[in-house]
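Features as listed in TrEMBL:
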- 6-25: transmembrane segment (TRANSMEM)
- 46-64: transmembrane segment (TRANSMEM)
- 70-92: transmembrane segment (TRANSMEM)
- 104-125: transmembrane segment (TRANSMEM)
- 131-152: transmembrane segment (TRANSMEM)
- 164-186: transmembrane segment (TRANSMEM)
- 192-213: transmembrane segment (TRANSMEM)
Amino acid sequence: MVSTAAARTVIGIIGNVISFGLFMSPIPTFTQIVKRKAVEDFKPDPYLATILNCAMWVFYGMPFVHPDSILVVTINGIGFVIELAYVSIFFIYSPWIKRRKMLIVLLIESIFFAAVVLITLLVFHTTISRSYFVGILCIIFNIGMYTSPLTVMRLVIKTKSVKYMPFTLSLANFCNGIVWAIYALLKFDPNVLIPNSLGALSGLIQLILYATYYRTTNWDNDDTSSTRRAEVQMSDV
């Protein structure tokens, strides 16, 4: 009989694979940016937010904050590096005014993260209290990232078209939320369970919308600006 710990490890590895796929999903967007040597209408906001989100989860998974969370650390560490690469591409191909805004955001995020680390280590002295403090912050950031496709969902309902809501990405978001929710249930961790349960719900709603509006979608109509908007917003992970 498979132990709970072994099952949790297997589920966590599956979650790592799915999450890695989500982190890699914006590659077509950045390929386009590099080819055109310009960011055009694309925005770095989701990727800047994901950098802080990944950093927070890496810190949360540290043994002195929340023990036995190595699989949370691995995928978010990888995600941090990937998102940093995305932001670097944005920086290279952006005009100075956008670069300055990116630098300001990164500075604010760095100061915030440093403050969280200092408060956690100096004020809280047990892994339970540290997990509670850092976990609440992680939940807030993760919920924000999982609810980011709401704009795209509103667009789908308004236009009765799913052309700009990729099915594979919606399915991946749903599976990712389910897998990590199961991971959190096997060794109860509400800080992982809450945002990922909401993520699974968000993904399920996207799949329902896809099934509802698939037949009314005009696949031949091309709207470049809507495509760009959807690509950027759906790339949050």
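The backbone N, Cα and C atoms fix where each Cβ goes, glycine too.
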The transmembrane segment (6-25) touching the transmembrane segment (131-152) per 3+ Cβ pairs under 8 Å rule: no
Positions on the same chain near the transmembrane segment (192-213), where near means CB under 8 A and six or more residues out: 72, 138-139, 142-143, 146-147, 149, 153, 156-157, 160-162, 165, 167, 170-178, 180-181, 183-185
Recorded stretches the transmembrane segment (104-125) and the transmembrane segment (46-64) touching, at least 3 CB pairs under 8 Å: yes
